[in-house]
Amino acid sequence: MPVRIPDDLPAAGILESENIFVMSETRAANQDIRPMRVLILNLMPNKIETETQLLRLLGNTPLQVNVDLLRIHDKTSKHTSMDHMNNFYCDFEQVRQRNYDGLIITGAPLGQIEFEQVSYWDHIREIIDWSQTHVTSVLFLCWAAHAALYHLYGLQRQLLTTKCSGVFNHSRTQALHPLLRGFDDEFYAPHSRFAQMELAQIKQHDELEVLAQSNEAGAYIILSQDNRNLFVTGHPEYQKGTLRDEFIRDSQEGLNPSVPCNYFRDDDPEQDIIARWHSHGSLLVSNWLNYYVYQLTPYDLSDMSATTPWEHKK
């Protein structure tokens, strides 16, 4: 959240140059405040686990957030009871006419399937298209990031011979950027996917900006030029044991998975897990919600043309 200061305070320029968010008294006095409305399209198999992970991050901000859970209307969940889905999830037709401050679309275990072969691909495209006029900012995670980059910008992904699984070191590509405020120069984030998009391909696109990347995992944080779409190719929401559970599941299914990199102590699955990413994940979602949802969204959600463009120094 911003620090409110007098309009002409000399410290303002210094703080802004250090990437500290300050707000003049004039702007603060004219700022309307209300709860943020966030929609979550949950594509992960274990709905309750993913709900908990995302709500934990959203709840770690000073903003009040009202959350709606969205499902694919014609898909039956194999790992979550129908009672849970009917009680807590809505169908797209129920929200089609609404506007939201934020939308989160999760990953999905579909990394080895071509997008057009996904049974609900047309519905995913419909929701992505709808979000561009009904949501202030969209956060795409893992598979959803690749799917949206493909659908919106025509970028192609490459299937990997072995799964990219582990906790990898990342670096910022910019020293000053609102989304990266508070980030260390290097930080860790989990990845779990069977595909990757070439870093060079993304950087060549004029409408996209790579904000963080990894030598091992490639582009990690990508932002659209209009600030509406944020693509995160990893899983900052994962809890401590999620990669372990996936490793055990894949082993039991006879997939002979590699041990997740840099996750178990000494890369030994018999040893303890070292969680290195929780603070980063919390900060990433907090920055997104503050700078690209709360600061940009109109007070009156019925008028999405009133979004405030965010300007930052590169």
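A Cβ is built for glycine as well, from the same backbone N, Cα and C atoms used for every other residue.
These features come from Swiss-Prot:
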{"type": "SITE", "residues": "Gly111", "note": "site 'Important for acyl-CoA specificity'"}
{"type": "ACT_SITE", "residues": "Cys142", "note": "active site, acyl-thioester intermediate"}
{"type": "BINDING", "residues": "Lys163, Ser192, Arg249", "note": "substrate binding site"}
{"type": "SITE", "residues": "Ser192", "note": "site 'Important for substrate specificity'"}
{"type": "ACT_SITE", "residues": "His235", "note": "active site, proton acceptor"}
{"type": "ACT_SITE", "residues": "Glu237", "note": "active site"}
Cβ-based isolation winner (fewest other Cβ atoms within 10 Å) among the recorded positions Lys163, His235, Arg249: Arg249
Beyond the site residues Lys163, Ser192, Arg249: chain residues whose C-beta lies within 8 Å of the centroid, for substrate: Ser165, Leu243, Glu246, Phe247, Asp250, Pro257, Pro260
Substrate site span - longest C-alpha distance across Lys163, Ser192, Arg249, in Å: 14
Rounded Cα-Cα span from Ser192 (substrate binding site) to Gly111 (site 'Important for acyl-CoA specificity'), Å: 9
Under 8 Å by Cβ from Glu237 (active site), counting only residues of that chain that are 6 or more apart: Thr50, Gln53, Leu54, Arg56, Leu57, Leu141, Gly281, Val285
Count of other CB atoms lying within 10 Å of the CB belonging to Cys142 (active site, acyl-thioester intermediate): 28
Cβ-Cβ neighbours of Gly111 (site 'Important for acyl-CoA specificity') (radius 10 Å): 19
In three-state DSSP terms, the structure that Cys142 (active site, acyl-thioester intermediate) belongs to: coil
Cβ packing number for Ser192 (substrate binding site), 10 Å threshold: 22
